[in-house]
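The block underneath contains the structure these notes are about, expressed in structure tokens.
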Amino acid sequence: KSVINEILANPDIRDQFILKLTYHSNSIEGSTLTEPDTAAILFDNVALPNKSLIEQLEAKNHQTALNYLFDHIAKKEKVDEALVLKLHSILMNGVRPDAGVYRNHAVRITGVNLPTANYMSVPKLIPEVMVRIIPKTKDIIALSAGVHSKFEQIHPFGDGNGRVGRLLMNAMLLSSNFAPAIIRQEQKQLYYTYLYKAQTKDDQSQLENFLCEAVMDGFKILDRMDVR
């Protein structure tokens, strides 16, 4: 059975993935929206007067990006640099003027001592990372972990790197018929620790195990909705 077709054929499953992925991914980046807030914004088109407009727009944009990603994978389109730029332009639409464009300035990753790529080399580095994405790879978890840690270290955008990186990772997983990985905001510190270890110690074993668990969480959504 195709995971992406199951998601698209079952609105409840699609909504569940959209809710979980949007809530957790934005929350990891500091959004103060709760999961019920997020559901109200995404599915009831509610505007919450006590929450920032930007956070609400970022939730809607993440929903739009996921819908785009799901359709892209269902059509068996390539997971490539064009997809990365498209996802960033959707995510940052109305939020940042540089939506869909690589950064033209230096950035630092908050809280860690990890040099990011020189902005002038970003247009060369991202295609080099994307070339590693070979469909039907034997070990998609290892490949996803490797691409994700490299992508985050390059930090190609002014903002939205974590969210785009996780969307890219889920595009890779879905195109290999794995469930999307649900990285939970309460696991943020672990996630960052394993990511940093992969980037600095050349050891991504813990990140791979962590991703495995996150993918199992995704499969649980498919099982719980009982269509398998």
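Using the three backbone atoms N, Cα and C, a Cβ is placed for every residue, glycine included.
Features of the protein shown, as given by TrEMBL:
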type: ACT_SITE; residues: H155; note: active site
type: BINDING; residues: D159, G160, N161, G162, R163, V164, G165, R166, Y191, Y192; note: ATP binding site
type: DOMAIN; residues: 79-213; note: domain 'Fido'
type: SITE; residues: E29; note: site 'Important for autoinhibition of adenylyltransferase activity'
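A straight line from the CA of Y191 (ATP binding site) to the CA of E29 (site 'Important for autoinhibition of adenylyltransferase activity') spans 12 Å. According to DSSP, G165 (ATP binding site) sits within a helical segment. Cβ neighbour count for E29 (site 'Important for autoinhibition of adenylyltransferase activity'): 17 (other Cβ atoms within 10 Å of its Cβ, all protein chains included). Checking the recorded positions (E29, N161, R163, G165) against the residue listed as 'active site' with a 10 Å Cα-Cα cut-off leaves N161, G165.
Recorded residues D159 (ATP binding site) and E29 (site 'Important for autoinhibition of adenylyltransferase activity') have their alpha carbons 10 Å apart, per Cα-Cα distance. A distance of 8 Å separates the Cα atom of R163 (ATP binding site) from that of E29 (site 'Important for autoinhibition of adenylyltransferase activity'). Taking DSSP states H, G and I as helix and E and B as strand, the domain 'Fido' (79-213) has 78 helix, 0 strand, 57 coil. In the three-state DSSP reading, E29 (site 'Important for autoinhibition of adenylyltransferase activity') counts as coil.
Long-range C-beta contacts of N161 (ATP binding site), restricted to its own chain and to partners at least six residues apart, with a cutoff below 8 Å, comprise F151, E152, H155. G165 (ATP binding site) and E29 (site 'Important for autoinhibition of adenylyltransferase activity') are 12 Å apart (CA-CA, integer value).
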